[in-house]
């Protein structure tokens, strides 16, 4: 659905730009930032965090950890410290926990609170309050927690944790790192072993970080391709020093912009290429994208690398549905790349996008059509008809309060024949506070009040 043509106070227009050139560092990984604060709050002692993403979502989690009893402080050098209260030591908050737009923060903290004998009310913005929480509520109820929520398990909801949390064995009905992590967080304060069984691998930042903080966690290959994760409850978590690598989901926007804008060559330094997060980059290379992986290393248990990206002629492909979990947040910007490719790009098995910050399939398809690109939408995916580098642009796109929709179509505007306007760019601050400044530094042109 296109927005009205008059610009709102937070609208932003991306104009066709010259070559994007330079080296950038994107903000710290959002998934790892949330978890660093949460596990720091559960450790005994001081955890130091460098590179924390200071977007609105992560800052909401930091404030939540304070309300649950941890001391969380930002220092002048940009590092953060968390003085934890230990597993089982959370205090009951004296006011609602406000997660803003952050589904990750809300779901992880539900798991955390479910394992403690306290009551907390969870609230969020209009977008988060539309998102279903039932898939988290179901397993946490098995641990002994109780919930009072709006219809469909939506926020605001009140959660009372178990007086004595039960260790459970839970098989994930759909691939979801958030549900997996919520169950493991609840299991931390349960006696015995909590087991999670996955049919499809999902991002494993929680498992990696639990190990780093000293928890006993085992990950094994089970029968018929299943993955079995076992966590021994009631550990004493030890504080850590964590360096948060760059977020591959944020890096996706400058990377795709450089691929699509003629003459571009950029380097993105220090992003995590965790195999459960790198699906977009694999896909772009299969499409013919000139992406060189350099300086591979490991930092804080996470694989990290630099990327050199050069403008490329892309071709359409069929994205394997099994890859969806490793790139679920990147489909909107992949659809932009597909619009400039030669031939069709088929993206199926992504029904999960219907219940993100917006219905991302519908929002992406609508934005593509508004800019002259043909797209065929189905219940669980879309097929984009590429225009071989000749995307008309000129459209006004409704973002539906979704940061990834906003950034994706701003990327389109840099490479299209005419400018592209998004109706609301304010929410970009939830995940990528310096998006416009960083992109301008590479040569991108943006016009509008939302900066």
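Indices start at 1 and increase along the chain as displayed.
Including glycine, each Cβ sits where the backbone N, Cα and C put it.
DSSP assigns residue 360 (phosphoenolpyruvate binding site) to a helix in the three-state reduction. Residue density at residue 360 (phosphoenolpyruvate binding site): 25 other Cβ atoms are found within 10 A of its Cβ, drawing on all protein chains shown. Look at Swiss-Prot and you will find 30, 103, 131, 178, 360, 404 tagged as phosphoenolpyruvate binding site, backed by sequence analysis.
The feature 3-phosphoshikimate binding site is assigned by Swiss-Prot to 30, 31, 35, 176, 178, 329, 356. When secondary structure is read from DSSP and collapsed to three states, residue 35 (3-phosphoshikimate binding site) falls in the helix class.
Annotated active site, proton acceptor per Swiss-Prot: 329, in sequence order, evidence recorded as sequence analysis. Taking Cβ-Cβ distances under 8 Å and a sequence separation of 6 or more, the neighbours of residue 329 (3-phosphoshikimate binding site) in its chain are 249, 356, 404.
Between the CA atoms of residue 35 (3-phosphoshikimate binding site) and residue 103 (phosphoenolpyruvate binding site) there is a gap of 13 Å, rounded to the nearest whole number. Cβ crowding, taken as the number of other Cβ atoms within 10 Å, peaks at 404 among the binding-site residues 30, 404. Taking every protein chain shown into account, 31, 176, 178 are the binding-site residues, and of these the Cβ with the most other Cβ atoms within 10 Å belongs to 31. Residue 356 (3-phosphoshikimate binding site) counts 22 other C-beta atoms within 10 Å of its own C-beta, drawing on all protein chains shown.
Each of the binding-site residues 35, 103, 131 was assessed for Cβ neighbours inside 10 Å, and the highest tally belongs to 35. In this structure the alpha carbons, written CA, of residue 178 (phosphoenolpyruvate binding site) and residue 31 (3-phosphoshikimate binding site) are 10 Å apart.
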